[in-house]
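So the structure is just underneath, and the comments pick up after that.
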């Protein structure tokens, strides 16, 4: 059993569990949306004193911060106890394309060229992570949600705004993939 | 300890995102290059089941565990904020290979470099709060 769990799980198990988590949170009287935590953290750090957008009762969002803490613990459990240490099984075509950019084939979960500490503290790696993160934070609040809030919860509730947001996610993702990454690497 | 159920839900989320490799930069690249069904399968299954569940919750007017009606707040009508905000988000998603949830799951994987992206995400959220009133919504 443990051997089976240690292999990568097929996509449908993940889809089923994510839908289950969404429903579970609804039955807990909450809604599934991860990026709200970023606003909550800003507010908890005192951003509400200077910026009105962060002046709200962030303690009402404690449940979502606990979900965030759980997500970190879940990642730790997966890497410590449920991992067989194999590299991510991406398609040959992706490996070839990324090699042309100078990114070597997967050795673990993340590319060495960005996530190893030496890469992350080179100017290029640092800016990729910092500016990428900045765009994620800015964009998710501007769009009012991220993958969980729009792509999963929003589209499940047949919300046209969420579909527009997801189309935006792809416009941005394709620009990075086919324009920015070849310029950067 | 009322909060423990949220921690457990989060743990489940962290494990499943890890084990289906949805926290991997490589998988996000594969998705944006349309070279494998994997990520589409994950999101597609979640949305299909989520749509069914949302429909059933509304149809049978189900209540949460405290007996309150489960309400779905419709998103505000707009195109610009979703399209522009979504595009900015997408630029960052493909760069870091992690949306907000997976960013934090990566800490559990000891990919410490992700803290740079998290710092960026907090700065981006703060910046949005500062310039919010001057942006088209």
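Yeah, the Cβs are placed from backbone N, Cα and C, and that goes for glycine too.
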Which one of these stretches, A:62-82, A:83-103, shows up in TrEMBL as transmembrane segment?
A:62-82
May I ask you to check whether the transmembrane segment (A:114-139) and the transmembrane segment (A:62-82) make contact, with contact taken as at least three Cβ pairs under 8 Å and only pairs 6 or more apart in sequence counted?
no
By a Cβ-Cβ criterion of under 8 Å, what residues six or more beyond either terminus of the transmembrane segment (A:160-184) are in contact with it?
101, 124, 128, 135, 139, 143-145, 147, 149-151, 153-154
